[in-house]
Amino acid sequence: MNLVLIIQIILGICLVYFTIIWLKDLIKNKNKLNDGNLLLSGVIGFVTNFFDTLGIGSYAPTTMLLKLTKYVKNDKLLPGTLTIACSIPVLTEAFLYINTVKVEAATLLLLIIAAAVGSFLGSKFISRIDEKKIQVMMGFALIITAILMCLSNTGVLASLGNGNVAVGLTGWKLFIGILGNFILGALMTAGIGLYAPCMAMVYLLGLSPLVAFPIMMASCAVLMPVASREFIKDGNYNRNATIGITIGGILGVFVAVTLVKSMSLTLLTWLVIIVLIYTAITMLMQGFKKEA
């Protein structure tokens, strides 16, 4: 069977599974859906997923905008809100963009599974810690994300793949890849996006830049619905925000794919990095501040 078709089937299963458990929770808690402005969350979803499709990422910018607009007042709900709200838009991106897969099947599938298992266990941990710890973890996560965005914007990450020709991993390199993606899957539930660190990892392991994209995209698309289960079960997310961001996010993805052929994002990325650092410092100050 064609590997692209296998990936699309996996993505389809994840989409159906996620949609069912999410909608069941929304229907069950329909009286709690008035906490926030749907139009505002829709705009946030459109903007962040539009630029995610173009390569900036959605996790950190969504965190930033939810904090700046005070949309999610309890920071304990941020990890779940991010994971759930971005699931369908990222799955949509994966369906639209994964049309050629040049990586070996075993490498791709094992790294995807590792990321999903990591996110499942990570969500169990994140869902059970208090708001102060969430603020500290996400503050550091945003700083790490800002550093990775700097490395990406200056071409450092891309340079790691220069000269790489391998399309699969074996032996100890495969083990490191599986372990690395497991850890990155867990960290994504704390707010550290998987794209940039996964790119750096596969380049350092010798994989060709041609095979990095499907590993990164498919890993994110599969791990997010898996991680969402725990947040949905515990109710640790802002339901209203996830509805708006999902709808706006899907629209943002389609607009980016169909209308934008090229766009210079260098200046915008630097602006995002600056605001991310400000948001990170704010969250760290809140997290370390002692209760009166």
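Just so it is clear, glycine is given a Cβ too, placed from its N, Cα and C backbone atoms.
On a predicted model such as this, the values are computed, not experimentally measured, just so you know.
Straight from TrEMBL, the features:
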TRANSMEM  6-23  transmembrane segment
TRANSMEM  105-126  transmembrane segment
TRANSMEM  138-160  transmembrane segment
TRANSMEM  172-195  transmembrane segment
TRANSMEM  202-228  transmembrane segment
TRANSMEM  240-260  transmembrane segment
TRANSMEM  267-288  transmembrane segment
Dominant neighbour of the transmembrane segment (267-288) in 105-126, 138-160, 172-195, 202-228, 240-260, by Cβ pairs under 8 Å: 138-160
Range from 105-126, 138-160, 202-228 with the greatest count of C-beta pairs under 8 A to the transmembrane segment (6-23): 202-228
Folded-back contacts onto the transmembrane segment (138-160), same chain, C-beta under 8 angstroms, at least six residues removed: 56-57, 59-60, 63-64, 75, 78-79, 187, 190-193, 196-197, 199-200, 203-204, 209, 266, 269-270, 272-273, 276-277, 279-284, 287
